[in-house]
Amino acid sequence: MIIDTTEIETINSFSKLESLKEVYGIIWMLVPIVTLVLGITIGVLVIVWLEREISAGIQQRIGPEYAGPLGILQALADGTKLLLKENLIPSTGDTRLFSIGPSIAVISIFLSYSVIPFGDHLVLADLSIGVFFWIAISSIAPVGLLMSGYGSNNKYSFLGGLRAAAQSISYEIPLALCVLSISLLSNSSSTVDIVEAQSKYGFWGWNLWRQPIGFIVFLISSLAECERLPFDLPEAEEELVAGYQTEYSGIKFGLFYIASYLNLLVSSLFVTVLYLGGWNLSIPYIFVPELFGINKGGKVFGTLIGIFITLAKTYLFLFIPIATRWTLPRLRMDQLLNLGWKFLLPISLGNLLLTTSSQLLSL
């Protein structure tokens with residue numbers, strides 16, 4: 001059987017087109033992921049700068065001012081310094097657990113960003129169980145901290161890892177119950193559906209007004225999950241040197257530093273999505289495109305406005321955990337566990353029962 005050379009060339013050209021389509025498909029799949037990672041990195045740098053400026057204002061001192069204009073590049077300078085430092089590994093510790101622990105903590109928090117909607121149809125993965133995916137993924141981070149503490153072969157590190165695990169278990173349950181109440185109100189566990197359910201009723205439709213008790217419990221539980229003062233017992237300097245971070249240096253120590261701010265940012269974003277209306281401005285009589293004389297059909301402008309509103313609400317809310325760090329003293333371990341199990345858990349259960357009853361009566 002003789003095959004014409006033109007037929008062979010045609011077949012080869014089709015195979016090349018198919019391979020090019022596959023390459024373009026992979027590139028288009030990676031573009032939103034890379035964009036999200038870059039955006040998160042910039043967001044974390046902004047949080048570090050904001051925290052230093054706000055804490056300097058609270059303490060009536062001058063914050064960073066030499067690294068770039070207004071000290072905005074100070075976080076970048078600190079990160080570069082950590083990259084250049086020596087990466088020490090304890091000789092008597094478990095090398096694999098010691099090395100894997102920080103990566104697990106960072107990756108698990110990074111995955112949480114995939115279900116956060118930054119605007120209308122601007123979410124990496126609109127899952128039907130989005131909020132519970134976040135809770136499930138965030139519960140993996142303490143496992144990484146426990147591995148780091150155990151792998152360090154240091155009593156202070158191990159005790160810090162145990163505290164992190166105990167604290168996470170104590171406050172995950174009230175947090176999950178508050179999220180379940182929001183899901184019942186919105187008739188969905190998708191983050192996009194929850195935002196759209198709030199937008200139906202405008203500013204007064206925010207879950208902040210419909211779930212004030214749940215909001216307070218969620219706020220306290222998220223602070224505990226982020227290990228921020230007054231809940232920073234896993235790394236209490238006066239008791240545990242630096243907790244599970246004691247034996248770390250260089251880039252691995254930097255990963256823990258990044259993980260804490262990533263967790264703070266993702267918690268604030270979920271407060272915005274669950275309680276503050278997400279990307280919707282929700283102010284009566286004001287529609288942003290009309291305010292600037294732009295047609296409602298401008299999708300690009302609408303997307304940018306949605307991102308801006310989401311981030312504005314998030315960074316305004318961030319003032320609360322930052323100010324709390326420099327205002328309240330650290331709790332004792334027994335006080336922390338009592339607060340979680342004896343107060344927040346019954347309150348969140350009662351809030352869930354009230355929400356369920358109101359939803360049943362409204363049927």
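Just so it is clear, glycine is given a Cβ too, placed from its N, Cα and C backbone atoms.
Here Swiss-Prot flags 30-50, 98-118, 127-147, 165-185, 203-223, 248-268, 300-320, 336-356 as transmembrane segment.
Long-range contacts of the transmembrane segment (336-356) within its own chain (CB-CB distance under 8 A, at least 6 residues past either end) are made by residues 166-167, 170-171, 173-174, 177-178, 180-181, 184-185, 211, 213-214, 217, 220-221, 224, 231, 233. If one looks beyond the transmembrane segment (127-147) by at least 6 residues along the same chain, the residues whose Cβ comes under 8 Å of a Cβ in the stretch are 97, 100-105, 108-109, 111-112, 115, 160-162, 164-165, 167-169, 172, 175-176, 179, 182-183, 188-192, 194, 225, 234, 244, 259, 263, 266, 270, 274. Most Cβ pairs under 8 Å with the transmembrane segment (98-118) belong to 248-268, among the candidate stretches 30-50, 165-185, 203-223, 248-268.
The transmembrane segment (248-268) makes no contact with the transmembrane segment (165-185): fewer than 3 of their CB pairs lie within 8 A, with pairs spaced 6 or more apart in sequence.
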